[in-house]
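I have placed the structure first, in the form of C-alpha cells, so that the comments after it can refer back to it.
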Amino acid sequence: MAPSLSPIRSHHVAVIGAGAAGLVAARELRREGHSVVVFERQKQVGGTWIYTDHIEPDPLSVDPTRSVVHSSVYGSLRTNLPRECMGYRDFPFVVRSGVSESRDPRRFPSHGEVLAYLQDFAKEFAIEEMIRFDTAVVKVAPAAEEGSGKWRIESTEKEKKKWAHRAV
C-alpha cells in the first residue's frame, strides 16, 4: 500500500521583490494554498525591467545622503534572448491580441515590452493584490522564538514595520 500524503499546511510566506522570479514565486505559493505577501520597493511590478532615465547625482558615492537610483536598464536595451525563451510555460511571451498597438512584436523585445509582459502576468493571476508597493525590506533574520521556523522581516513604508513569516 502506498504511503498516504499528508496535506500541505498553509503558511504565511514572504516574497521579496515583484520582478520576474518574485511574481511567479508568489503565484505558485498561493496555488499551494499559502498566504503570500510580496514586498516591493518600487511603485510597480517589473523588477530590473523598470526603466528610469534618472541618474545618480553622486556617481562616485561620496555623499552618504545621496539619492540612489536602482536601475540597470538603459533606454535602447533589447533582450539578448528571444521572447520564446523568456515566457512562463503557462503564460507564453507572445504579442497578445486586443492590447495596445504600441507593443513590440519583435522576437528580441525591448525592456518596455518585457515590463508590459510582467504587468500582464501580474494582472492575469491577480498578484498585485498580494504586493506591498513602496516597501523596502531592510532586514531579515530568524525569529526570536527558537525552533519556530519563522523569520522576522523589517521593512520601511512610511514607517518601519516588523513582520513574522514562516518562509522568505
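Cβ from N, Cα, C; glycine included.
Small disclaimer: the values here were computed from a predicted structure and weren't measured.
The 10 Å shell around the Cβ of Gly17 (FAD binding site) contains 20 further Cβ atoms across the protein chains shown. Taken residue by residue with DSSP, Gly17 (FAD binding site) is part of neither helix nor strand, so it is coil. Per Swiss-Prot, FAD binding site is recorded for Gly17, Ala18, Gly19, Ala20, Ala21, Gly22.
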Neighbour tally for Ala21 (FAD binding site), based on other Cβ positions within 10 Å of its Cβ: 12
Cβ-based isolation winner (fewest other Cβ atoms within 10 Å) among the binding-site residues Gly19, Gly22: Gly19
Least buried by Cβ count (within 10 Å) of the binding-site residues Ala18, Ala20: Ala20
8 Å Cβ shell about Gly17, Ala18, Gly19, Ala20, Ala21, Gly22 centroid, FAD site members excluded: Val15, Leu23, Val24, Ala25, Val45, Gly47
